[in-house]
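Peer 1: Below are the features I grabbed from TrEMBL:
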BINDING   Val49  Na(+) 2 binding site
COMPBIAS  638-651  compositional bias 'Polar residues'
DISULFID  Cys151-Cys160  disulfide bond
REGION    617-651  region 'Disordered'
TRANSMEM  40-58  transmembrane segment
TRANSMEM  70-91  transmembrane segment
TRANSMEM  112-139  transmembrane segment
TRANSMEM  219-240  transmembrane segment
TRANSMEM  252-279  transmembrane segment
TRANSMEM  299-316  transmembrane segment
TRANSMEM  328-353  transmembrane segment
TRANSMEM  387-408  transmembrane segment
TRANSMEM  429-455  transmembrane segment
TRANSMEM  461-482  transmembrane segment
TRANSMEM  502-526  transmembrane segment
TRANSMEM  538-561  transmembrane segment
Amino acid sequence: MHFVKQNCSLELSSNGAVPVEPVKKDENSRRGNWGNQIEFVLTSVGYAVGLGNVWRFPYLCYRNGGGAFMFPYFIMLVFCGIPLFFLELSFGQFTSLGCLGVWKVSPMFKGVGYGMMVVSTYIGIYYNVVICIAFYYFFMSMTNLLPWTYCNNPWNTPDCTGVMGTPRTNATFANVSAVVSGLTEIVNRTKRTSPSEEYWRNYVLNVSDGIGNFGEVRLPILGCLAVSWIVVFLCLIRGVKSSGKVVYFTATFPYVVLTILFIRGITLEGAISGIKYYLTPQWEKILDAKVWGDAASQIFYSLGCAWGGLITMASYNKFHNNCFRDSIIISVTNCGTSVYAGFVIFSILGFMANHLGVDVSEVADHGPGLAFVAYPEALTLLPISPLWSLLFFFMLILLGLGTQFCLLETLVTAVVDEIGTDWIMKNKTYVTLGVAIVGFLLGVPLTTQAGIYWLLLMDNYAASFSLVVVSCIMCICIMYVYGHKNYFKDVEMMLGFPPPLFFRICWRYVSPFIITFILIFTVIQYKPITYNDYVYPRWSLVIGFAMALSSVICIPIYALFKIAMSEGSTFLERLKNSVKPDPDWGPALQEHRKGRYATAGPESVEVCPLKEELKDEGKEKLKEKEMEKKDEMGLTIPGSNGSTLNPTPSA
């Protein structure tokens, strides 16, 4: 390797660059790196913190014993969440490759990477549809009166009863008679349908009578879907160089909105009752296996393990970045956000329950029902309700975009790394555009009148137990096929210290055991999916299982293909050759390939040597001078094989 030496100083700046030499922004100039480490952390936080933190965690918390759920939740975070997060970050950072390229570690398992791509594709398709609905609600909130406030609209049914009664001239939140009128109507009815629910079901979605009846495309939703994909594409137009700048806003502003809503929420009448319901522990549920299963599943899914996104994001880090520190920061931030969002949601729901005169459990919901039904209705009770609605849905949009950026980048990076030509590296924008267009087209069926049925089907099956299987096989491959000792040495070479003992134990024993527990629990507690009172037909469930298996089936199919294509006269020889690390496995840059990686790998770009390297070169020169002096004195140096070496000075 040839180094450029002129104008290099031994003193290093804070970012590791040599101050006299023009700063080289990217360590990996061909593939690119994050602008700085803050961009990586914010992007990963945006990826892990998503819509599920707002609508799934609070629901699971009150369903599984309130504050008692926190205990198994944090146990699972420590023993499964953080270790798996660290494993994926270190895996991608060590090779600087996406979810396909990293499987040079054991080529037979490359099907795991394809499985991750399939999962990310499914999630990316329906996730952007949820974002586009949030866009729609955001645009509809730009009015003096939220359209789901009253029941006097064409889409409302006789069962509709609003807590605000009927619209009146100069009616305000302080008009007590309106609220009392609304409560009187609710008491006198055996069945109540809120205006926000009818707005969601009858107007926004105009839901058909079944999953097989697609009906018409909802043009407003289709338009918002196009807007959503355009925003995602523009933010990723230069890959991590552009998305890394966008996340300064998309990853931080949701916390500003959460804080504003939290301050407003806890000042409302009845908010304390909602928070008490959220936190009050029901300790008897600690012994329920279902509570532990839900805690493990929530940790596993909320951190985004086995989606391929963590590997992809870490692949743009510099080789010696401390991903151990990052994994702890990001994991704790993600879980802390879930807990914080619970306070925000239940303070508002407690306020709503107080006005309705019912228990909090009767107004709280989960999934889209919480985001687009219960919470919007609660917002109508607040003064200047359009403002709070704008803030809430803007927060949902940003939370969704943070995850969507990484899902799309995962697919684009996998394609670019797999082709690997200079042309595709330089024209990555076209790949991003192509993936965005395909994603938009595949999302069109979800904007029809049957779209909500298909969205929930994909959410419950496409990204369910398949993630657990993929993650389990990844642990087995790295720890037992490639070898835990080899991987521990790789991490030590990259970080400068070996993985802590706790993580080594978790990677080898504890985390695989928990993953297996999640898988078994998922199968045991399986119930056919329903949407309100609608029961999905069997043929649709078959499609759901097919989507779930489509990512898992990639693993054995590719394994058989790789074995068949490997060298060897017998099956056993081919099997052994197919699991051996590829000759290119290891650090991407030649300057990082040391020890057993020293003789392999692509040629490195020219870089200015660091302080340690210059010291090593100085020592080598001193040795050369000593050898020259000995040569002048007519001395010879015996070689290891008994021959005589006559060293010559270097040019």
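A Cβ is built for glycine as well, from the same backbone N, Cα and C atoms used for every other residue.
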Peer 1: Hey, which bits of the same chain come close to the transmembrane segment (429-455), Cβ under 8 Å, at least six residues off its ends?
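Peer 2: Contacts of the transmembrane segment (429-455) (Cβ under 8 Å, skipping residues fewer than 6 from its ends): 121, 124-126, 128-130, 132, 205-208, 210-218, 221-222, 225-226, 229, 232-233, 236-239, 368, 408, 411-412, 415-416, 531, 534, 536, 540.
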Peer 1: Counting Cβ pairs under 8 Å to the transmembrane segment (328-353), which of 40-58, 219-240, 299-316, 502-526, 538-561 comes out on top?
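Peer 2: By the under-8 Å Cβ criterion, the transmembrane segment (328-353) pairs most with 40-58.
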Peer 1: When you measure from the Cβ of Cys160 (disulfide bond), how many other Cβ atoms are you left with inside 10 Å?
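Peer 2: A 10 Å sphere around the Cβ of Cys160 (disulfide bond) contains 22 other Cβ atoms.
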Peer 1: Could you state the CA-to-CA distance between Val49 (Na(+) 2 binding site) and Cys151 (disulfide bond) to the nearest Å?
Peer 2: 35
Peer 1: Select the range from 40-58, 112-139, 252-279, 387-408 that forms the most Cβ-Cβ pairs under 8 Å with the transmembrane segment (461-482).
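Peer 2: It is 112-139, which has the most Cβ pairs under 8 Å.
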Peer 1: Taking the Cβ of each of the recorded positions and counting other Cβ atoms inside 10 Å, which one has the highest number: Val49, Cys151?
Peer 2: Val49
Peer 1: Would you kindly check 70-91, 252-279, 299-316 and say which stretch has the most C-beta pairs under 8 angstroms to the transmembrane segment (387-408)?
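Peer 2: Maximum Cβ contact count belongs to 252-279.
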Peer 1: Could you pull out which residues elsewhere in the chain have a CB under 8 Å from any CB of the transmembrane segment (502-526), counting only those six or more residues past its ends?
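Peer 2: For the transmembrane segment (502-526), the far contacts come to 76, 79-80, 83-84, 86-87, 289-290, 292-293, 296-297, 300, 464-465, 468-469, 471-472, 475-476, 478-479, 484, 488.
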Peer 1: State, in range form, which of 70-91, 112-139, 252-279, 299-316 has the highest count of Cβ pairs under 8 Å to the transmembrane segment (40-58).
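Peer 2: Highest pair count goes to 299-316.
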Peer 1: Using Cβ atoms and a strict cutoff of less than 8 Å, what residues sit near the transmembrane segment (112-139) while being 6 or more residues removed from its termini?
Peer 2: 50-51, 98-103, 204, 220-221, 224-225, 227-229, 232, 306-309, 311, 368, 371-372, 376, 389-390, 393-394, 396-397, 400-401, 403-404, 407-408, 410-411, 414, 439, 442-443, 446-447, 451, 454-455, 458-459, 462-463, 466-467, 470, 473-474, 477, 547, 550-552, 554-555, 558
Peer 1: Test the contact criterion for the transmembrane segment (70-91) and the transmembrane segment (299-316): 3 or more CB pairs under 8 Å, pairs 6 or more apart in sequence, then answer yes or no.
Peer 2: yes
